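See below for the structure under consideration.
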């Protein structure tokens, strides 16, 4: 008898779970409306008489219970959800971004201290050291993009954090250059997971109107970490840097804060819809989630990697779009931006000059000013992208042209500096001016818009895996560029290496002029008609939110 009853119970349980998944949202909304309808009607009438509608919850009100003034207020009212929990999450993931910035900026003080102590001979050795970090980001980007989709962003970050703690503790005790480089390679491999998973959590949980400034905090935290590394690294002796302690504290705090956060509701929806509802309620607040819950299924479907859509790569409009995306990633890397992050002002160092000759105000003030330039310029640039709808083609054209111009000016300066022209002696501040304008030129377009173009050009069926591939390819190009820059200085000169980067940027300028299609105000069908061939696929339903994060207004 028990054996016969068991299947029936199992079938009843399965049917009940399916029923809950299909009707959960409707039941919640209906129950909420029946319980609070009279209270809301009275509240709405009182608010409309007084001319104030700030505290009215318009989402679950029946339109026939409202007067004309209340209906107009409902159309204008936007509830951003519970801000304190969204801010809590943004602060948590920004700690991971800060640690990621510490890893990126590590090579600048390392190269400076190695030059001063003359423990390493040859710029090609410096290039091998500096290129380990982008290589770790390249491999880690491919791994953690896939792991985030399989295990969820919160669980992935909690997996990475203890490993990062162990790495930073080991860095405090091992002072040898070889061991430190190996540990920093592992740190770059794992720290890039903080950026990938943190961005996913922000996009999935934060309201789109709050996402702009919270994403700004998340992005600039990376450059705050770079600034800290520049300053604290040069204040230390040998390789036992002060920022080890900062990294350990931040990773520990981030781990504790993550324990009180909920997993991404988009990730939870397919397997645990009730947990997805609880997660969204935690971030948005009670009573503010009913319309958002309706969008979770579409967002979850947009994250699924469709393995049956590989045939799309054979279509002309798709492989042309993929080619444009990967080419922009190449020009983004070979603009030389990450060489300036890795080497700082020491990219201006030449073999016939003493390392102290490149200082302007001193090595520590110079590091503080340079890190501050990165932070302020990124802050202003990303904020401007949010507020002004430039489109995508014009910013890329302007950015590649200005980057080319600034690299030519920097190359000319290095050429004159190597030949000891008198008007340059004692005027090292010129380097700060040139590098500041160069950073601004890069963030005009190359810093953000290749990601926006990928969302606009590529059908949703292949977007998730293309995003993973493009991220890793970008860091692979950065790895080659960082090695190439100093090795070319050995073979040719510092001026020659920078001018070659300028030529690559000029090719990027021509590419943007002739091959990039403006996507502002265009559907995927219209873009594919411009690319040529038969239109195919559809655009992601998450585009509006992810575009906000990428800097596309």
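Each residue, glycine too, has its Cβ placed from N, Cα and C.
Range 87-106 is the one annotated as transmembrane segment, of 67-86, 87-106, 187-206, 267-286 (source: TrEMBL).
Remote same-chain partners of the transmembrane segment (126-146), defined as residues 6 or more beyond its termini with a Cβ less than 8 Å from a stretch Cβ, comprise 103-104, 106-107, 110-111, 114, 120, 156, 160, 177, 181, 184-193, 196-197, 338, 342-343, 467-469, 471-473, 475-476, 478-479, 482-487. Comparison of 87-106, 158-177, 367-384, 462-482 by number of C-beta pairs under 8 angstroms to the transmembrane segment (317-347) places 462-482 first. Within its own chain, the transmembrane segment (462-482) is flanked in space by residues 127, 130-131, 134-135, 137-139, 141-142, 145-146, 149, 192, 196, 302-306, 309-310, 312-313, 318, 322, 325-326, 329-330, 332-334, 336, 338-339, 342, 454-455, 501, 537, 540, which lie at least six positions past its ends and keep a Cβ under 8 Å from the stretch. Listed by sequence, the residues of this chain that lie at least six past the ends of the transmembrane segment (396-415) yet keep a Cβ under 8 A from its Cβ atoms are 328, 331, 335-336, 348, 350, 424, 430-431, 434-435, 437-438, 440-447, 449-450, 493-496, 498-499, 501-502, 505-506, 508-509, 511-513, 516. Contact between the transmembrane segment (87-106) and the transmembrane segment (242-261) is present: at least three CB pairs lie under 8 Å, with pairs separated by 6 or more positions in sequence.
Between the transmembrane segment (242-261) and the transmembrane segment (494-517) there are fewer than 3 Cβ pairs closer than 8 Å, counting only residues 6 or more apart in sequence, so the two stretches are not in contact.
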